[in-house]
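Structure record follows, encoded as structure tokens.
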Amino acid sequence: MFQVFCIFIPILAALFMPFFFKKVRSIHTGWFVLIVPVFLVTFYATYVPIIVDGDSVISELDWIPSLGISFVSYLDGLSLLFSILISGIGALVVLYSIFYLNRTKEQLHNFYIYLLMFMSAMLGVVQSDNTITLYLFWELTSISSFLLIGYWYNRDKSRFGALKSMMITVAGGMLMLGGFVLLSIMGDTFSIRELISQAPELATNDLFLVALVLILLGAFTKSAQFPFYIWLPDAMEAPTPVSAYLHSATMVKAGIYLVARFTPIFAQSEVWIWLVAGIGLLTLFWGSFFAVKQTDLKGILAFSTVSQLGLIMSLLGVGAISYHVNGAEDTVFKYAAFAAIFHLINHATFKGSLFMIAGIVDHETGTRDIRKLGGLMGLMPISFTIALIGSFSMAGLPPFNGFLSKEMFFKAILSITQFDLFNFSTWSILFPIIAWIASVFTFIYSFYFVFRTFTGKLKVDQLPKKPHEAPMGMLISPLILAALVITIFFIPNLVADTFVKPAVMAIQPYLYSSPEEVNIHITAWHGIHSPELWMTVGVIILGLLMFLCLSKWQKMYNAFPAKLTLNHLYDFIIYDLCDQWIGRFSALYMTGSIRRYLSFMLSSMAIIVIGTLFIKDGFKISFEEASTIHVYQIILIIVLVIGTITTVFAKSRITSIVALGAVGYTVSLFFVVFNAPDLALTQLVIETISVALFLLAFYHLPKLKKEEERTRFRFSRAFVSVAVGAMVTLVALSAHSQKFIPSIAEYYKETVYSLAGGGNIVNVILVDYRGFDTLFEITVLGIAGMAIYGMIKLRLSRKEKNYENK
Amino acid sequence: MEIVMAFVCGFLFMAAIYLILSKSLLRIIIGTGLLSHGAHLLILTMGSFKGSAPPVLSDGVTDYVDPLPQALILTAIVISFGVTAFFLVLAYRAYQEIKTDDMTLMKGSEDNE
Amino acid sequence: MKTNDVIMQFTAKIVFFIIFFYAVHIFFAGHYTPGGGFVGGLVTASAIVLLIIAFDLKTVQSILPINYIYLVACGLIISLGTAAFSMFVDKPFFTHFFDYFNLPILGKTSLHTAALFDLGVYLVVVGVTMTIIQTIGEDE
């Protein structure tokens with residue numbers, strides 16, 4: 001129970017942040033926030049010993065039991081790894097943000113509320129075993145990402161980036177929900193574990209492929225895969241701690257998580273392998289190729305993130321091959337999934353530190369434009385060292401952790417050439433080639449990033465600020481991450497045993513039943529004859545050569561026509577198509593006259609209802625059921641009609657209001673006649689108060705003007721009102737004359753005393769049977785009261801304020 | 001009686017719509033008042049007036065009228081009171097700010113949209 | 001507008017209490033006979049309106065120093081709390097409880113959580129009605 005509660009700790013903590021921000025102004029709000037991820041990471045660390053043995057822990061909280069929807073915290077190797085990443089990187093990011101965001105100038109409470117909301121959502125995504133709650137948390141990550149990107153909401157680019165990321169990820173999320181629903185229809189459960197256990201039967205279903213594609217679309221949009229990656233570079237408008245956290249370490253990995261989690265179900269399908277491996281590889285190449293074009297530091301990192309996500313994605317796709325190979329746990333096919341998880345950890349460490357360095361450079365020099373930067377090495381030696389470690393690891397050089405996972409990536413990609421099912425033998429040679437070219441570009445942009453910023457000529461006159469080394473507090477987080485980058489290189493197998501192997505077991509339960517069975521030992525040296533060594537050497541040589549003559553060929557990027565980019569397509573769809581064309585079309589009937597809209601709506605309603613009544617032969621009139629008419633009823637009707645006519649044609653407002661009151665009192669007398677004492681009582685009092693209110697308010701209002709309108713419009717007005725009146729009469733007659741379903745009133749009459757302990761059925765319905773209605777009704781009433789209060793009172797205070805200003 | 005009441009409801013709706021489509025805010029609000037009266041009576045009519053006793057338990061009576069429409073109407077009456085009051089204040093404030101209660105003049109011109 | 005009608009004010013004081021007790025009566029009787037929170041609240045509000053007519057807004061406010069906005073909030077909390085209470089004893093949201101007790105003086109009485117819910121409704125109705133009348137009335 002506490003375990004599932006832990007998911008909600010951040011979002012609950014968020015409730016107190018405005019308080020801390022407002023009341024404890026002398027302490028940076030971030031220090032209070034820091035407690036949450038530090039607590040969570042220690043808490044999740046206590047699960048490590050359990051998970052290492054291959055066990056899993058589950059904790060459940062019912063939400064809508066009748067629909068089988070519950071909050072579940074399911075911790076196995078995969079979700080624990082992600083949970084520790086989320087809370088661990090979260091702690092470092094919060095620490096970093098304390099020094100990055102100014103205590104007095106920024107809206108810190110907003111920032112931390114969004115950040116904590118994201119933390120909860122992300123923990124929910126990786127721990128949920130229930131697809132519906134998984135979807136819920138998934139969308140919550142999109143929303144909090146939207147809010148964080150738009151944190152500096154007065155900047156145009158922030159708003160644009162926020163909207164773009166939301167449009168794309170939420171659209172993907174909706175598609176994914178469709179996939180989940182299909183899966184739950186096929187498997188008759190929302191639980192992912194139960195779906196996995198019936199994976200072979202699911203594969204035979206016709207809807208299997210549709211669900212597969214829908215869920216992949218969700219994962220691809222979230223993890224910024226080609227062609228949906230376009231939102232990620234624009235998301236870099238967010239404050240740098242956010243980019244480091246959401247857009248490199250955690251949220252964009254939600255798609256990776258989803259693919260890993262659903263691998264046991266979908267690995268059976270060749271479409272899955274083709275799509276995940278193919279799109280992943282394409283993204284890997286595309287991202288690294290275009291990263292070299294960027295001039296914004298964070299832009300380079302954004303494209304590099306896209307590319308690295310593609311790498312992990314393609315490894316997961318290749319990893320699915322092991323499902324189709326007998327005894328895969330002893331062949332080369334075992335490496336792919338392992339390498340995916342291992343690289344995921346490594347990527348979080350080096351990319352996190354690089355983002356933080358980019359933030360520091362931005363913070364201390366005032367620009368992120370790489371053309372203006374250079375020669376910062378002497379001024380910012382610590383930042384330079386960290387950046388060097390991070391980018392060398394990213395480039396795949398020893399002695400950094402990126403080298404290990406990069407070698408393993410080559411090994412896994414090479415394994416695909418030995419696979420001969422599903423037409424792979426024809427195309428498989430392309431995979432290592434593309435991967436190798438992409439790695440060359442990865443090498444180039446890593447060097448580009450670090451050397452263009454820190455070496456070369458210092459251009460102080462072009463920098464908005466005088467550069468100097470960042471404060472120590474800001475350097476702590478990237479230092480910790482850089483230290484991890486090196487440590488992991490020297491103790492890779494400890495990391496593998498603790499985190500990677502349990503996660504691999506969760507991805508490939510069909511291969512392993514316990515983490516010890518994952519028979520992989522990470523070594524830095526594979527021998528002089530291993531192909532991956534020579535691939536790395538080739539990357540280094542070609543990469544160095546190309547980096548040295550970068551200025552010669554970087555111009556070729558300008559040759560790509562701007563009209564053909566995906567960004568252009570997005571802008572076209574959102575701004576040209578929706579805003580311009582559709583806007584022009586809707587301007588034809590949106591004239592701005594509310595009365596005309598209302599006439600259109602009312603007359604079409606009347607036409608549709610009356611039409612349906614006659615086409616479907618729904619109109620009937622029968623006098624049999626009708627009750628008898630008494631004389632006093634006739635009198636009431638006459639009074640009502642006279643009152644109504646007076647209301648409509650009254651020349652003065654007082655006549656109008658009094659006539660309306662008369663109509664109201666007559667209605668309450670009707671209630672008396674029709675055996676509805678509660679209604680009569682209420683109507684009577686309400687009418688009294690209403691009339692008082694009308695008189696009070698209209699004391700100030702102008703006299704009724706005799707309406708000077710053209711006769712044609714009055715005629716159309718009369719026509720619409722007659723049509724609506726006729727519609728109501730016809731519907732009332734038909735409803736009275738044919739009753740297909742007996743009234744549920746019998747149930748109330750029978751149980752009112754025994755079940756609800758009351759005598760007045762109407763009142764018992766209000767407070768008991770249909771209490772929900774009443775609850776919402778008084779809420780609406782309360783809102784109306786507040787609104788009225790606000791309209792009058794708040795305006796007064798504004799007036800006073802204006803007065804003070806003068 | 002139900003037949004006659006159906007026509008009465010139709011009449012109330014007709015008058016209400018006629019008022020709602022007018023220019024003056026005041027008439028529009030009065031129209032909404034009439035509309036809610038019409039709707040209440042309509043619900044009651046559609047539920048039929050059968051039964052001879054009000055829906056309050058008492059010994060020896062079984063022939064109660066249908067309580068459900070009454071419960072719905074009770075909710076509706078109070079809500080419509082809240083909404084009418086809200087409209088009233090809205091109109092009152094609008095008149096204070098822009099000195100008109102004419103819908104066509106309230107629309108504003110092209111450049112201050 | 002300052003009114004100084006002594007007879008009117010004297011009668012209003014008495015009638016106010018009569019109406020108010022009538023309102024309390026129909027509020028409690030609501031579960032068995034016509035009445036309930038809505039009507040009770042409205043009748044109470046109209047009693048206060050009567051006072052406002054007889055005296056004036058300022059005087060009534062000094063007699064009944066109630067912030068009606070808070071009254072609305074209290075009512076909503078009571079209603080929601082009653083509805084949510086059943087969740088803590090593992091029953092679906094909005095399950096009501098009732099039983100019969102032999103209380104001193106009153107004799108056999110049924111105590112019902114629905115009455116608490118209705119109390120919330122009562123407070124909201126009084127609060128909203130009075131908020132509306134007060135805010136409009138205070139505005140010059």
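Every residue gets a Cβ built from N, Cα and C, even glycine.
When TrEMBL is compared with the stretches A:373-395, A:741-763, the one noted as transmembrane segment is A:373-395. A mean pLDDT of 89 is what the model gives for the domain 'NADH-Ubiquinone oxidoreductase (complex I) chain 5 N-terminal' (A:64-112).
Tertiary neighbourhood of the transmembrane segment (A:72-99): same-chain residues 3-4, 6-7, 28, 30-31, 33-34, 37-38, 40-41, 44-45, 47-48, 51, 54, 56-61, 111-112, 115, 119, 122-123, 126-130, 133, 191-193, 239, 241, 244-245, 249-250, 253, 257, 260-261, 341, 345, 348, 352, 356, 359, 470-471, 473-474, 476-478, 480-481, 499-507, 515, selected by CB-CB distance under 8 Å and a gap of 6+ residues from either end. According to DSSP, the secondary structure content of the domain 'MrpA C-terminal/MbhE' (A:716-793) in residues is 61 helix, 1 strand, 16 coil. For the transmembrane segment (A:597-615), same-chain residues at least 6 beyond its ends with a Cβ under 8 Å from one of its own Cβ atoms are 589, 716-717, 719-720, 723-724, 726-727, 730-731, 734. Long-range contacts of the transmembrane segment (A:630-650) within the same chain, counting only residues at least 6 positions beyond its ends with a Cβ under 8 Å from a Cβ of the stretch, are 656, 659-660, 662-663, 666-667, 669-670, 673, 704. Here the domain 'NADH-Ubiquinone oxidoreductase (complex I) chain 5 N-terminal' (A:64-112) is broken down by DSSP into helix, strand and coil counts: 32 helix, 8 strand, 9 coil.
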